[in-house]
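S.K.: Handing you a structure now.
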Amino acid sequence: MKKVFLLLITILLLLTAGCDFKDIDRRIFVVAMGIDPGEKEGNLKVSLKLAVPQGDITKIDEKMQILTEESYSISEALRMMKSRVEKELDYVHCKSIIMGEKLAEKDIRHVMDWAVRRRDIQLILNFGVGRPEALKVLNIKPQSEHIPSNSLIMAMSGEGTESPFIASVYSYQLMKNVFEVGIDPTLPIIESQGTEQFLINKLALLDKQKIRLILSPDETRLFNLLTRRELRTNLPAHYKGGMYQYYTEDTSASYRIFTPEEGKPYIQYKVKLLGILEENSSQDIVTHQVLQQLSKAGGEELKEGIEKLLVKIQRSGLDPFGWGLRYASRHFNNDTEMRDWKAIYPKLEFKTLVDVDIKYSGMIK
Amino acid sequence: MVKSRYFYCLFLMNSLINIINFVPRELMDRRFDGALMSILIAVPIGTTFVYVFTKLMDKFPGKGIPEIFNSLMPRLVSTPMLLVYAVLWYVAGVITLLSFVDITLRFISPDTGAYPVVIGFLILVCLCCRVDGLSLLYGLEVILGITLPLILYASVKALANPNFSWDSVLQIVTFIWHKPDIKSMAAGTFLFSGYINLAIFNRLFHKIKLRHVWLIAVEGLLVLLMTFLVPIGYFGTIGVERHVYTWFSTADSIRIETFLIERMLFIFYFAYMTLSVMSVIVHWHVGLELFKSIMPFADKNSSKAKLWKEWIILGLFCVATLLLMFMDQYELNQLAEWFLQIRWLGEMSMIATLFYCVIKMRKARRRNP
């Protein structure tokens, strides 16, 4: 009996070679994808950035290839590309999908659906909007880069640079926000500057379908300040004609929606920052009192900036912060709460309590 | 005699495996229609079942359900009942197995055919479920020891993610005041039904000391809430219904920044693969024992006849599994939904029958002490 089993198992093991398994040298890895609108109306131009696997990492030399194909569907374009390379295209290491700005101004849902539906594409993949077009962004090859598309992955994941202007979005988040009632999706904008540099410092706010508003770098930073914890950035403070900059060591922001019986509904933001002085344009010595005055002045400036941003977003009718969802999650009248919210939203006022605490003057006074 | 802690192992296995057995799917479909209330009701019901069933089985130390039924009821009644239970246990295993084959094909090896995968699993399961119950319990304990830390790690990581949307979770919580739904309750009680494997494993237990029943309730509640609410935190209240493999997609959304592999999916897959194979083995072991007890030539006790008997049953198991492979994702889901409800009825009827058996045994004892 045992011998029969052994034989059976051996035969089965031999069979596994018959499965369509391909070795790494027969695969070519797609590391990033770009999708633009095609030349023909309704078509899509799909571009792939391929990384060629190499053996010796010490002698590594960035090798990449870019394929572009236009078709009426994404799948069709990818199948057509299969006959242009000798190896099997493998998508499991695809870490970013970039949609051309023109496409994102029309509709992102098609691409999003495709990316989430495909089984071999990760859900922790970064979505972004490419400016002026996705292909140009894919073509960027920074000098400092050794592995294809690594710079983009590092920048978006926050593993490398910790820029306060980058607000990356994973595909599962994008999908959540597209369908969720009371919150609207956002996407970072990646601009190509020549073939060796990119710039990610703007944020696109979308309604459920397309880009509606683009935030400037400053606004993007404030957006990040309000949505994230521990944002590492510098912020300005002007005091007695001097310009000061402080670096934030710790930040936190929270908000509550108030709907008082009398008076207008308002959202109260509480922002707390812990700072250290980084730059001082005047030659004055920073005393304890100056530090306190700076905190105050910095807080005022920040407050003004935040309130401007909040009003701007409210005017656009979008809800990237998820205020609507927050309102709904705190109310039990599930049938009517969203209707209530629609009436409340345009009337909202904003109150911001900013608490800037610059604790240190740096290494010198 | 086995220590009582193995009973907890059986319980824990079922409560963790619910993710594979379409319990999240059932709950998600009714997230706006009373799933949360059903969870809250399922917990006390499930705990009561656990308590009552173990107390009843305690009256028959060292005996399994077949011995109890056959000795206290006419053969004509006990045989069909045992047959139904045997089929139920088989289906419990087969759903886990097919669901897991499906997940393997989607997430791990899309290039491999479905049949090599299912045959691989079948060989492993069939070889293992013939092993005696005691070894299975030991094996189960070891496997829980390996997988439990991984599952805990994944859970902590899932909740600690700054992108986890607590607002979406709270939004679902505001739907709590809704009348409970029987289907969700059936799904919710599945977490507690690990105890029912005692039907066969009671042969090994002599006196189960059921301490800390509240712990069972708390664990069940926590796991149920995790099962139900964590995917909502990742995919939102509306988007969540679009995900087919809800929990595996959730695991795919968790990123591990500082480890050899970046994707939680693989750790999660490994933990659940071991656990679900173990659960199929345990379920089929019980199914096999039940089938054996009703086979007509059960009296022949030569070892060769026994062996043949087992392999015939296992052969049937495998053939049925391969035949069930024709189902697509919606049909499998439907089968799982039916199973979750029917098994609840089965549990109730088993407890009721046991009550009857206990009363009958007492009467018989009184008559001839």
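Cβ atoms are placed via backbone N, Cα and C, with glycine included.
A TrEMBL annotation is a machine prediction, not a hand-curated record.
I grabbed these lines from TrEMBL:
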TRANSMEM  B:7-23  transmembrane segment
TRANSMEM  B:35-53  transmembrane segment
TRANSMEM  B:82-101  transmembrane segment
TRANSMEM  B:113-129  transmembrane segment
TRANSMEM  B:136-156  transmembrane segment
TRANSMEM  B:182-201  transmembrane segment
TRANSMEM  B:213-235  transmembrane segment
TRANSMEM  B:266-286  transmembrane segment
TRANSMEM  B:307-326  transmembrane segment
TRANSMEM  B:338-359  transmembrane segment
S.K.: Counting Cβ pairs under 8 Å that sit 6 or more residues apart, are there three or more between the transmembrane segment (B:7-23) and the transmembrane segment (B:307-326)?
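M.R.: They do not touch: fewer than three Cβ pairs between the two stretches lie under 8 Å.
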S.K.: Residues of the same chain, at least six outside the transmembrane segment (B:113-129), with any C-beta under 8 angstroms of its C-beta?
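M.R.: Here the qualifying positions are 93, 97-98, 100-101, 104-105, 136, 139, 277, 280-282, 284-285, 288, 314, 317-318, 321-322, 325.
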S.K.: Which listed range (B:35-53, B:82-101, B:266-286) shows the maximal number of Cβ pairs under 8 Å with respect to the transmembrane segment (B:338-359)?
M.R.: B:82-101
S.K.: Residues sitting near the transmembrane segment (B:266-286): Cβ under 8 Å, six or more positions beyond its termini, same chain?
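M.R.: For the transmembrane segment (B:266-286), the nonlocal Cβ contacts are 10, 13-14, 16-17, 19-20, 89-90, 92-94, 96-97, 99-100, 103-104, 107-108, 121, 124-126, 128-131, 133, 136, 139-140, 143-144, 146-147, 150-151, 153-154, 197, 199-201, 247-248, 251, 256, 314, 317.
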S.K.: Six or more residues out from either end of the transmembrane segment (B:213-235), which same-chain residues have a Cβ under 8 Å from its Cβ atoms?
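M.R.: Hits for the transmembrane segment (B:213-235): 11-12, 15-16, 18-19, 23-24, 27-28, 31, 35-36, 39-40, 42-44, 46-47, 50-51, 155, 158-159, 163-166, 168-169, 172-173, 188, 191-192, 242-243, 246-247, 249-250, 253.
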